[in-house]
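K.L.:
Please read through the structure below; I'll follow up with questions.
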Amino acid sequence: MLLDTHCHIDVYPDPIAVLNQAKAAGVHVVAVTEDPGRFRLLRTRLGRRDGIHLGIGLHPLRVTTHYCRDLDRLSRLLPDADWVGEVGLDFSKGGAATKALQVEAFEALLAIDAVLRKPITVHSRGAERDTVTRLLQTNVVAVLHWYTGSIAVAEQAVTGGLWFSVNPAMIRSSRAGGLLRTIPPRHVVLETDGPYARCAGRPAHPADLPAVAEHLAGVWGLPRGAALAQIASNQQRLAAMLRPESA
């Protein structure tokens, strides 16, 4: 079984069809959301299904002066979530005007003890160093989704025990090639970031993940079966790192 740790399933025109294709391909899906309202809608639409894990998030580009209210809603809905995400920082052009608010909201999120009891999938575009620094200040099990920062910061993240998720778009990027050769295989899981990420000229689907694993096998110099076993082991270790709810 492969796990898509970052998929915007609610954005596909037919989420159920995508989930059925994923199931047929042996892929489980973490369905991330961008705010608590979207999480509630997705939870109602999908209910509890085998092979899907719901993520509750507050995307950095959705942070406003009302973020305290949003985090309060997130906290109340958190028991119904399996993951936290999509959360993080975005200092790209689109997020430049809300940098300070984003930092406040992200730090407040990481101060919620119940958040630290779930795996977190983290956005860091244009803010990689700031994001990693804050993650390493907490006892959090975090996956850096579609990381595009420097090798130096990536190495700092690896040393601190953070994870990286790799998607179909990344394996076609020459820039990401150096990163994939740098990150130890033990720190890698998979994602699609579908439908935003593209694969062969179309939106990426969870069913594309076996091809990502095959590419990583080549990068790692491993047979395909050994690479799949490494990724499966990583998924198990990631889950095992979580603190129990009663701790």
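Every residue gets a Cβ built from N, Cα and C, even glycine.
When I checked TrEMBL for this same protein, it listed these features:
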type: BINDING; residues: His6, His8, Glu86, Asp193; note: divalent metal cation 1 binding site
type: BINDING; residues: His123, His145; note: divalent metal cation 2 binding site
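What's the neighbourhood like for each of these?
P.N.:
Around the Cβ of Glu86 (divalent metal cation 1 binding site), the same chain contributes His6, Val32, Thr33, Glu34, Gly55, Gly57, His59, Thr121, Val122, His123, His145, each under 8 angstroms and 6 or more positions distant in sequence.
In the three-state DSSP scheme, His145 (divalent metal cation 2 binding site) falls into the strand class.
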K.L.:
When neighbour density is defined as the number of other C-beta atoms within 10 angstroms of a residue's C-beta, which of the binding-site residues His6, His8, His123, His145 has the lowest density?
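P.N.:
Sparsest of the binding-site residues His6, His8, His123, His145 by Cβ contacts within 10 Å: His8.
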K.L.:
Apart from His6, His8, Glu86, Asp193, which residues in this chain have a Cβ no more than 8 Å from the mean position of the Cβ atoms of those residues at the divalent metal cation 1 site?
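P.N.:
What remains near the Cβ centre is Cys7, Val32, Gly85, Thr121, His145, Trp146, Glu191, Thr192, Gly194, Tyr196.
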